[in-house]
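Novice: Let me begin by handing over the structure; questions about it come next.
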Amino acid sequence: MYPAHLLVLLAVCVSLLGASTIPPLPLNLVQFTYLIQCANKGSRASYHYADYGCYCGAGGSGTPVDELDRCCKVHDDCYGEAEKMGCYPKLTMYNYYCGTEGPYCNTKTDCQRYVCACDLQAAKCFARSPYNNKNYNIDTSKRCK
């Protein structure tokens, strides 16, 4: 085998090892985004909830800063319960519809029903909770203890 071939083989192996540590993207995030838009009738873009308070977005700790942040904590806890049931909430795809009364779930499996219910509950909670711009992109190391 030529030295160049060995280098290519080594590069491929290293790439595969590195890729195995990259977490999968949350596939149902797009669905959750649409549920949010349906529930709030497009009044606020979904990305506004991605970095809000102590719990809206990746991770979460401390005491929620307000009602909207509590919605995110409840959603995180709901996903935690789904995981205890053996579900993968961030990867679970489900069927939902946006009707005149807002979003609703129409799914088949237990995991799909549970995860869709988590997302639906959060989307409706977001829609009825006041949004405080001061709680967007806060310093979580100081405010979320």
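Just so it is clear, glycine is given a Cβ too, placed from its N, Cα and C backbone atoms.
On a predicted model such as this, the values are computed, not experimentally measured, just so you know.
Sharing the record's features from Swiss-Prot:
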ACT_SITE  H75  active site
ACT_SITE  D119  active site
BINDING   Y55, G57, G59, D76  Ca(2+) binding site
DISULFID  C38-C98  disulfide bond
DISULFID  C54-C144  disulfide bond
DISULFID  C56-C72  disulfide bond
DISULFID  C71-C125  disulfide bond
DISULFID  C78-C118  disulfide bond
DISULFID  C87-C111  disulfide bond
DISULFID  C105-C116  disulfide bond
SIGNAL    1-21  signal peptide
Novice: Provide, as an integer number of angstrom, the distance between the C-alpha atoms of Y55 (Ca(2+) binding site) and C116 (disulfide bond).
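Specialist: Between the alpha carbons of Y55 (Ca(2+) binding site) and C116 (disulfide bond) there are 19 Å.
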Novice: Let me check the 10 A CB neighbour count of C144 (disulfide bond). How many other CB atoms are there?
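Specialist: Summing over all protein chains shown, C144 (disulfide bond) has 18 other Cβ atoms within 10 Å.
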Novice: Between C98 (disulfide bond) and C71 (disulfide bond), find the distance joining the two CA atoms and give it rounded to the nearest Å.
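Specialist: Cα to Cα, C98 (disulfide bond) and C71 (disulfide bond) are separated by 20 Å.
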Novice: Are any of C54, G57, H75, C78, C144 (the recorded positions) within 10 Å of D119 (active site) when you go C-alpha to C-alpha, and if so which?
Specialist: H75, C78
Novice: Enumerate the residues of the same chain, Y55, G57, G59, D76 excluded, that satisfy the criterion Cβ within 8 A of the mean position of the Cβ atoms of the recorded Ca(2+) site; list them in sequence order.
Specialist: C54, C56, A58, G60, C72, K73
Novice: Cβ neighbours within 10 Å, counted over all protein chains: which one of the disulfide-bonded residues C72, C87, C118, C125 has the most?
Specialist: C118
Novice: Please report the Cα separation of C54 (disulfide bond) and C72 (disulfide bond) in Å, rounded to an integer.
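Specialist: Pair distance, Cα basis, whole Å: 9 Å.
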Novice: If I restrict to non-local contacts, at least six residues apart, and a C-beta distance under 8 angstroms, what lies near C71 (disulfide bond) in its own chain?
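Specialist: Expected: C56, A122, C125, F126, S129.
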Novice: List the Cα distance (Å, whole number) between G57 (Ca(2+) binding site) and C72 (disulfide bond).
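Specialist: Their Cα atoms are separated by 8 Å.
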